[in-house]
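The structure's right below; bear with me while I get my questions together.
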Amino acid sequence: MSEYGKIRSIKNWRIWNELKKMAQLYYKYGTMNSGKTIEILKVAHNYEEQGKGVVIMTSALDTRDGFGVVSSRIGMKRKAIAIAEDTDIFRFIQEMPEKPYCVLIDEAQFLSRHHVYDLARVVDELNVPVMAFGLKNDFRNELFEGSKYLLLLADKIDEIKTICQFCSKKATMVLRTTNGKPVYEGEQIQIGGNETYIPVCRKHYFKPEIDEMKS
């Protein structure tokens, strides 16, 4: 290899090494019961075991276990920063006295467009990795606003898989039931109702075996 070739090779290696250090915006989506919140708590634990601080945030709309709480279905929970409609996520992270090693977002489907653009700025301007977790589509099989813009802006997109409640196929949709009956219309977000959400495959989204589930 010529001297010029060696210099170029070293330069390319350095550029690649720097690129590996650059923060990215991750979007990890899954249906109900796919373990999204457990994954957040696990990532936070791994960072903190190494003495690296993280910020955990969640939508202010999710108050099932209290305001500003991240809670898994197996009982693990932790306090989090609640994201309201007027929350400036970028400014909040920028003004922290100590820069976090990572920002973790739960219930990211409930974010607004401007929240997702804030997350992109946190990555690009502050060089802080952001990992957002949430549903992709709602019970009407339409994208949430937060999911839509995360799919557009995320550097890396991963699916957290789980299986359909009625068969062994991969669950890709969310079925809403009210009083044991499937519901396909209505408000996208309902807080405090008596509805139940079930992870299902495409087949059982359109033809759920509700009677078999009851028996």
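Even glycines carry a Cβ here, placed using N, Cα and C.
Copied straight from TrEMBL:
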BINDING   Gly30, Thr31, Met32, Asn33, Ser34, Gly35, Lys36, Thr37, Asp106, Glu107, Ala108, Gln109  ATP binding site
ACT_SITE  Glu107  active site, proton acceptor
BINDING   Cys164, Cys167, Cys201, His204  Zn(2+) binding site
BINDING   Ile189, Gln190, Ile191, Gly192, Tyr197  substrate binding site
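Locate each feature and note its surroundings.
According to its DSSP assignment, Gly30 (ATP binding site) is coil.
For Glu107 (active site, proton acceptor), the count of additional Cβ atoms within 10 Å of its Cβ stands at 25 [all protein chains shown].
Sequence-distant neighbours of Cys164 (Zn(2+) binding site) (same chain, six or more apart, CB under 8 Å from its CB) are Lys170, Ala171, Pro199, Val200, Cys201, His204, listed in sequence order. Look at Cys164 (Zn(2+) binding site): DSSP puts it in coil.
Every protein chain shown contributes to the tally, and the Cβ of Tyr197 (substrate binding site) ends up with 15 other Cβ atoms within 10 Å.
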Test of understanding: give the count of other CB atoms lying within 10 angstroms of the CB of Ile189 (substrate binding site).
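Within a 10 Å radius of the Cβ of Ile189 (substrate binding site) lie 12 other Cβ atoms.
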State the count of C-beta atoms found within 10 angstroms of the C-beta of Gly30 (ATP binding site), not counting that atom itself.
21
Taking the Cβ of Lys36 (ATP binding site) as centre, how many other Cβ atoms lie within 10 Å?
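Taking every protein chain into account, the count is 22.
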CB neighbours of His204 (Zn(2+) binding site) within 10 A?
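Neighbour count, Cβ to Cβ under the 10 Å cut-off: 21.
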Quick check: with Cys164, Cys167, Cys201, His204 left out, which same-chain residues have Cβ atoms within 8 Å of the centroid of the Zn(2+) site Cβ atoms?
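Here the non-site neighbours turn out to be Ile163, Gln165, Phe166, Ser168, Lys169, Ala171, Val200, Arg202, Lys203, Tyr205.
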